[in-house]
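These features come from Swiss-Prot:
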type	residues	note
BINDING	Phe23, Ala57, Phe58, Glu59, Ala81, Val82, Ile83, Phe114	5-amino-6-(D-ribitylamino)uracil binding site
BINDING	Ser86, Thr87, Arg128	(2S)-2-hydroxy-3-oxobutyl phosphate binding site
ACT_SITE	His89	active site, proton donor
Amino acid sequence: MKIIEGNLSLKGDEKIAIINARFNHIITDRLVEGAKDAFLRHGGKEENLSLILVPGAFEIPFALKQACESKKFDGICCVGAVIRGSTPHFDYVAAETTKGIASVGLGANVPVSFGVLTTDTLEQAIERAGSKAGNKGFEAMLTVVEMLNLIQKIKA
């Protein structure tokens, strides 16, 4: 059986976008730094990395759709942070952001990763943005890198 699997190495000419929700920027700035770090560590060049800023997580799917349609990017890494509050707002934003990214991602012709934190507390978000639980922005970028490689191997 032939196994087709991506790896974590970039050629250096891949153009990648990070879409970042500014809301909860104390968390999302760390996710962006993690994503950028992963991109550079695995062979990407900073001049090939674009940062698209949106107001909040709910706006990520629309920006993602526009970025995919532009055909300027080989892959797109989505990051944000939705932290539960005392109202049901969290449930709506988290669910619709997730559905929107998944929907656009399935229709895209480029890899799209989901690095949007959905946590119950600020402490949980901090843990996932570079402290105890690693950096989910870094992990989301690794997903883009691996999927780029996988697509190239599938098409070869």
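Just so you know, glycine gets a Cβ as well, placed from its N, Cα and C.
Since the structure is predicted, the reported quantities are computational estimates derived from the model, not experimental observations.
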**Study point:** Site extent for 5-amino-6-(D-ribitylamino)uracil, whole Å (max Cα pair distance, Phe23, Ala57, Phe58, Glu59, Ala81, Val82, Ile83, Phe114)
**Key:** 17
Practice item. Report the nearest neighbour of Ala81 (5-amino-6-(D-ribitylamino)uracil binding site) in space among the recorded positions Thr87, His89, Arg128, comparing Cα positions. Key: Arg128
Point to revise | Long-range Cβ environment of Ala57 (5-amino-6-(D-ribitylamino)uracil binding site), under 8 Å and at least 6 residues apart | key: Ala21, Phe23, Gly80, Ala81, Val82, Val93, Ala94, Thr97, Val116
Review point. Here are the binding-site residues: Val82, Ile83. Which has the lowest count of other Cβ atoms within 10 Å?
Key: Ile83
**Study point:** Around the Cβ of Glu59 (5-amino-6-(D-ribitylamino)uracil binding site), the count of other Cβ atoms that are within 10 Å
**Key:** 18
Review point. Out of Ser86, Thr87, His89, Arg128, the recorded positions in the record, which is closest to Phe58 (5-amino-6-(D-ribitylamino)uracil binding site) when you go by Cα distance?
Key: His89
Exercise for review: For the (2S)-2-hydroxy-3-oxobutyl phosphate site as recorded (Ser86, Thr87, Arg128), determine the largest distance between any two Cα atoms, in Å, rounded to the nearest integer.
Suggested key: 23
